[in-house]
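Below is one structure, written out as structure tokens, with a few remarks after it.
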Amino acid sequence: MPRYQATLLIELKDGILDPQGRAVEGVLKGLGHPVEEVRVGKVLEVVFQAENHLQAEEKAKAMGKLLTNPVMEVFALEALKELP
Amino acid sequence: MRWAIVRFPGSNCDEDARFAFAKVGLRAEYVWHTETSLKGFDGVFLPGGFSYGDYLRPGALAAKSPVMAEVARFAREGRPVIGVCNGFQVLTEAGLLPGALLANLNLHFTCKAVGVRVERTDLPFTRLYGKGQVLRLPIAHAEGRYYADPETLERLEGEGQVVFRYAPLHGEADYNPNGSLHDIAGITNEKGNVLGMMPHPERAVEEVLGGTDGLPLFLGLVQEVAR
């Protein structure tokens, strides 16, 4: 079965205060970077097997949903590629 | 009445909990998180700690443990379920309580005694407290900022599901230690049988350890049997 690598991006929802992002933002600003806003999220790279690209996409989205807390987070399937 | 104290890899308030249960004469036994049955138990306690090292999100991986199906059954059947600190995080991650617990606003792990006001006294957990009574309880967490969307908050307030709220101990203005919305320190479900709270009542059952304001919570559970 083909192997796929999915890149899942998990972020806090818009409107939820992200103190970690604020701290990073403060440091960047302090170093003179003209930063407007920073928000910190998580990137998960998942390698798994699937029959085809379509099934791989379904599986990746199901895993993203499982690993996200919908109260405070949203996820996006950033990339999906077949591995050699 | 027999209580199960669920141990996840990384739980660290399990022994404190058993000590508190023993102090009021309740039987409590440790149950490993891979167990699939809580047969023979009447209540379940999810202790504080750092289950799975807080990986992914605090409580997120523990919420998917095999034992959690049984905890969900207890919640459904109206049996008492208590989650303290990481246990509260597990209950929200498992969807057994609404909302979520985010990083403290100041990003610090905060370990100190705080004021906690009792908002409801008609629950098994709070029946021995006075309404409006301010308890002195320890907190020890980095992710305790209660968050829920405006509709959920409104519902919680409307249904009286907020059980504990941070309050000044000595008139201080900055009494909310983590930025929790509505100063929420503990909530219950609609039925009132599932309690989640960030402060540690099990660490406040001995005068020598800083106070006994947590003791009535456990004593109230003893009366649950007699009822």
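Just so it is clear, glycine is given a Cβ too, placed from its N, Cα and C backbone atoms.
The following features are taken from TrEMBL:
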type	residues	note
ACT_SITE	B:CYS85	active site, nucleophile
ACT_SITE	B:HIS200	active site
ACT_SITE	B:GLU202	active site
Checklist line | Cβ neighbours of the residue listed as 'active site, nucleophile' where a neighbour is any other Cβ within 10 Å | finding: 30
Notebook entry, point to check: What same-chain residues, at least 6 away in sequence, bring their CB to under 8 Å of the CB of B:GLU202 (active site)?
Noted result: B:CYS13, B:ASP16, B:ALA17, B:PHE19, B:ALA20, B:PRO47, B:VAL84, B:GLY214, B:PHE218
Note to self: What does the structure give for the C-alpha distance between the residue listed as 'active site, nucleophile' and B:HIS200 (active site)? Integer Å is fine.
What the structure shows: 7
Check: Under a criterion of Cβ-Cβ distance under 8 Å and sequence separation of at least 6, what residues of the same chain contact B:HIS200 (active site)?
Finding: B:CYS13, B:ASP16, B:GLY48, B:VAL84, B:CYS85, B:LEU137, B:PRO138, B:ILE139, B:ALA140, B:GLY214
